[in-house]
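Features as listed in TrEMBL:
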- C:12-36: transmembrane segment (TRANSMEM)
- C:166-188: transmembrane segment (TRANSMEM)
- C:209-240: transmembrane segment (TRANSMEM)
- C:371-392: transmembrane segment (TRANSMEM)
- C:412-431: transmembrane segment (TRANSMEM)
- C:451-470: transmembrane segment (TRANSMEM)
- C:482-498: transmembrane segment (TRANSMEM)
- C:510-532: transmembrane segment (TRANSMEM)
Amino acid sequence: MSTAIVSRTQLLSRIAAALLGGYVLAWGFIALGVAAAFAAGMPFHDAEHLFSLLAFLLYLVTFLWSFAARDPRRVWLVLAGGGALMAVLASLIQHALV
Amino acid sequence: MPENVLLLAALLLSLIGLGWFALALDVHWKQACGKQARGVVSARGLRLSGGVALALALILCLQVDHPTMAALVWIMSLAGAALIVAFTLSWRPHWLALLAARPPRR
Amino acid sequence: MFQNFRLAMAWVHTWFGLFLGFVLMVVFFFGSLSVFDREIDRWAIPESRFEPQPMPSFDEILKPVFEDMQPSRESVDQMRSRVDGPMPEHFDTPVRWGAYTTHRDPVLGLFAGYQVPNANNPDELVWGTRTIDPRTGESLPDDQLKIGSRFFYPLHYSLNLHWKDLGYWIVGLAALIMLVALVTGVIMHRKLFRELFTFRPKKSNQRSILDLHNLTGVVALPFHFMFAFTGLVIFAGIYFPVTHTQLEPLHDLHEVVESQETGLPHERSGVAAPIASVDAMVAEAQRRWAARDMAGDVGFLALQHVGDANGYVSIYRAGTDRIALTGEGIHFKASTGEVLREDPPPSTVERIDEFLTGLHLQHFRHWLLRWLYVLGGLTGCACIATGFLFFVEKRKRQHAKRGQIGSRVVDALAVTTVTGMLIATLGILIANRLLPVNLPARGDWEQYCFWGVWGLAMAHAFWRTAPVALGKLAPAWREQCWAIAVLAVVAVVLNWVTTGDHLLKTLSAGYWPVAGVDLFMLVSALVAVFTARRLQRRPRPQSADGSELSGEAAHA
């Protein structure tokens with residue numbers, strides 16, 4: 001019985017990681033991509049289009065990885081942690097530009 | 001030539017091409033032609049002619065439309081042709097013997 | 001948690017596919033209908049059954065109509081809470097006028113945005129719309145529901161659920177899951193190429209359903225993937241509003257730079273100025289397009305800062321001859337007609353983006369490709385529907401033994417979203433022909449009929465799927481197929497009775513928009529009858545253990 005409960009929470013955690021963690025990572029990816037590319041001289045709308053295009057593919061890959069990966073804690077660390085880190089970097093770049 | 005004729009020819013070519021691809025698979029060859037041996041027509045030959053037919057279909061599409069549009073017409077025509085080939089194999093498999101220039105299986 | 005990679009992917013495919021499949025079914029079906037949204041509009045609004053028209057003369061036809069327009073009551077009411085003081089009776093300062101047409105539109109849609117005195121946010125406008133006959137400038141009643149372009153089409157991308165944009169988010173999630181289901185499906189399907197053409201209707205139900213699921217999924221794989229993906233790309237700004245939240249300052253910085261570069265005035269000058277001949281500007285725009293070897297018609301025409309010295313006219317080309325949504329916009333000073341700016345050729349990224357969005361939004365003139373899109377969309381519907389059926393077939397006997405109702409509920413929901421959705425679609429078309437012409441808020445009633453009929457179909461589906469709980473086939477499928485057949489014929493007959501446009505007449509006149517809708521419904525009726533009769537036959541004996549199924553099916 002207890003294993004069933006453990007695996008149910010584990011499953012919920014993976015679903016949440018796939019949906020929310022993946023979203024955070026994709027967000028951070030777009031933010032950092034747009035800020036960095038704009039800083040490097042790419043036209044703003046080009047950067048916006050390019051990185052949101054790639055972000056959806058990234059979201060797809062991380063979604064699948066959330067279920068395929070062995071350790072769900074690592075999934076959370078990479079997705080939420082990586083997303084937050086990239087978002088912070090994006091804000092720093094913006095701060096330097098504006 | 002009028003565009004509609006070219007497009008129709010392209011559709012037919014993708015149908016024939018995919019039909020040849022299907023016949024290159026043993027299981028479909030048996031469905032269409034029964035136990036008759038392939039003889040001179042090897043599986044590779046069928047695949048090759050199938051590829052040529054599909055390439056010709058693409059060229060015809062490119063004659064009619066802007067390349068971006070032609071590519072989409074071609075890809076979508078392949079989807080339609082694959083469905084037709086699959087349904088032919090389910091209900092009237094011996095019709096495909098026509099493409100192998102063989103009498104249908106009996 | 002999962003024994004191996006393949007099992008993990010199979011779990012994702014089954015469960016996410018099941019839950020979002022119901023949404024995907026709606027998205028794929030109404031997406032397919034939206035390919036012919038303008039044609040469905042013709043069917044639903046008999047007054048607009050004439051040939052598509054080019055953009056009419058602005059100076060003679062459009063200008064007097066625009067000058068006569070006022071914002072709609074709803075728009076004014078919505079704005080009321082964000083204004084200090086009372087709303088004016090008459091709005092005198094139009095900020096923007098626009099007219100948009102395609103090669104499939106006989107009638108022309110106009111919109112106008114007006115400044116609101118004392119608004120909290122001076123950039124916020126109130127809007128009015130109007131539909132005219134472009135040959136005469138005469139207004140058509142604007143309260144008729146354009147069922148194709150204003151009901152089926154938004155249903156496709158927003159489920160018509162506008163509260164906090166919830167519908168967009170649900171559809172977006174469904175599109176992501178579509179991509180996920182395609183990738184996981186390819187991983188699960190071991191014999192992708194060897195079984196590409198395989199459909200074995202004579203084998204067990206479960207086997208032939210899985211064959212059909214694989215076949216429809218694989219042959220149109222590029223279509224399914226591209227449409228789910230480009231659908232997400234089109235609404236990227238809604239799903240990831242990064243540049244309007246976190247990076248807003250960067251966005252504003254760029255806007256200032258951009259408006260300096262384009263030279264198009266961002267604000268009114270406050271000095272009144274008349275409008276020069278817009279027809280002359282259109283002629284000049286067409287001359288410049290022709291010089292670039294892309295002669296074309298006007299698709300979109302807009303005036304900004306109307307009646308002001310800073311006013312300008314933007315003229316965009318209708319993109320009928322290529323996939324990419326290219327505007328080739330040329331902007332003129334409204335008071336003099338001098339060219340202010342020609343939009344530069346798109347960058348590589350813009351080209352890719354325009355191709356992807358244009359591929360999905362299809363403004364091109366290519367009837368074969370339109371029909372192939374419908375085929376692709378319906379193939380997607382077949383793929384999703386057979387997915388549901390396989391889910392039920394695989395589990396229903398086991399569930400029956402254990403007294404569980406899971407497969408019965410799934411089957412009932414599948415009936416609701418497959419046949420029930422078709423019944424609802426025919427329901428709104430029938431309501432459109434039956435409701436009295438001068439009924440107030442007629443369009444709203446048509447929509448209530450749609451949802452009401454769908455609700456009834458759902459109730460019927462839950463009632464008549466009881467045998468599934470005993471491991472048998474649900475009669476609901478067969479009965480709803482008969483309902484589709486009857487309703488489709490009724491809709492065609494009602495079109496004849498209420499408008500006189502029967503098939504012989506529309507076909508001999510070559511009026512394809514209406515003939516096509518009628519024919520499509522008749523073909524659907526035939527397919528429904530065929531399906532109902534197949535379902536009526538005694539079910540084939542099933543292999544008890546499903547041993548002929550490959551490993552792939554065993555853990556799907």
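Using the three backbone atoms N, Cα and C, a Cβ is placed for every residue, glycine included.
Worth saying up front: this structure is predicted, and the values here are computed from it rather than measured.
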Fill in: Contact ranking winner - C:166-188, C:482-498, C:510-532 against the transmembrane segment (C:12-36), Cβ under 8 Å
C:166-188
Discussion item. Under 8 angstroms for C-beta pairs, at least 3 of them, ignoring pairs fewer than 6 apart in sequence. Is the transmembrane segment (C:412-431) in contact with the transmembrane segment (C:482-498) by that rule?
Written reply: yes
Discussion item. Which residues of the chain, 6 or more past the ends of the transmembrane segment (C:371-392), have a CB below 8 A from one of its CBs?
Written reply: 14, 17-18, 21, 24-25, 28-29, 31-32, 35-36, 206, 209-210, 212-213, 216-217, 219-220, 223-224, 227, 362, 407, 410-411, 413-414, 417-418, 468, 553, 556
Discussion item. Within the same chain, where does the transmembrane segment (C:166-188) have neighbours whose Cβ lies under 8 angstroms from its own Cβ atoms, ignoring anything closer than 6 residues to its ends? I mean 6 or more beyond.
Written reply: 5-6, 9-10, 12-13, 16-17, 20, 23-24, 27, 157-160, 214, 217-218, 221, 224-225, 228-229, 231-232, 235, 238-239, 552, 555-556
